[in-house]
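Over in TrEMBL, the protein carries these features:
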type: DOMAIN; residues: 4-118; note: domain 'Tetrahydrofolate dehydrogenase/cyclohydrolase catalytic'
type: DOMAIN; residues: 137-278; note: domain 'Tetrahydrofolate dehydrogenase/cyclohydrolase NAD(P)-binding'
type: BINDING; residues: 163, 164, 165, 229; note: NADP(+) binding site
Ligand code: NAP
């Protein structure tokens, strides 16, 4: 069994991103990511701080807008509009979840698709499902990059994605399909999940239930990717896969923490560089 190490893979991706950022800076383009955080969600604050730190490490400017919980939807949309038309901003991210009085869909659709580094805008979703170049959501993109880095060619593999969220499951399935895997998407209404998983060469678990994928659901030598992040009562983190037992059967497996998580932020930086490179190209600087 080999560990798919997100820590070391993301470190080498970040080193490359830093080089790309500096080659953009040399031609007068400072890559910039604007992050909007509304409210006091503790986990969101931690994620935003981690994004800010990662930008700094890679010489990407991060502009953090911390707005109060009671911010009106119109105020948020007005800020997004300012960032949309600001040519010095390459990328815009609205940290989710938003407070309940704000309509997440309207907000995400208001971000200019060419700056939508989270890949949640309908145009980018459509591009991914049509196999066109656009922004791909960071977590599934991180999974695909990690598989590539470890030389795992998914072409022709039976892949099962457990979970069908817009953030992880659906884009993950599209990425795998675009790379010629035979993809099954499972969800809470799926019958015989165990049997379906047992036939898989590759399982991607994005469920949000601790240790849900057990060893009896996994065939020998399967590749197992665990997107889940769950906090247990004792405060420790665990994934959606029963790592201890599944790792005895898998050919490759991601640990939690240290697997998919670190790749997600690296892909956010990578998408920001992609947008900044587009800006440089438009100005004839690249
Ligand atoms: P989500 O929106 O809650 O979606 C969970 C999916 O799992 C849904 O499609 C749901 O099916 C399915 N599901 C629930 N119970 C199931 C069952 N018994 N059998 C089969 N499928 C079941 O969650 P998400 O945003 O995709 O996130 C999933 C996990 O990944 C969470 O632990 C989250 O914290 C983690 N995550 C990690 C990262 C990272 O950077 N590593 C990023 C994002 C998310 P229905 O659609 O039928 O309800």
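Glycine is treated like the rest: Cβ placed from N, Cα and C.
On a predicted model such as this, the values are computed, not experimentally measured, just so you know.
Looking only at other Cβ atoms within 10 Å, the busiest spot among the binding-site residues 163, 164, 229 turns out to be 163. A 10 Å cutoff on Cβ-Cβ distances gives residue 165 (NADP(+) binding site) a total of 16 other Cβ atoms nearby, all chains included.
Confidence across the domain 'Tetrahydrofolate dehydrogenase/cyclohydrolase catalytic' (4-118), taken as the mean pLDDT and rounded to a whole number, stands at 98. Residues in the domain 'Tetrahydrofolate dehydrogenase/cyclohydrolase catalytic' (4-118) partition by DSSP class (helix H, G, I; strand E, B; coil) as 60 helix, 18 strand, 37 coil.
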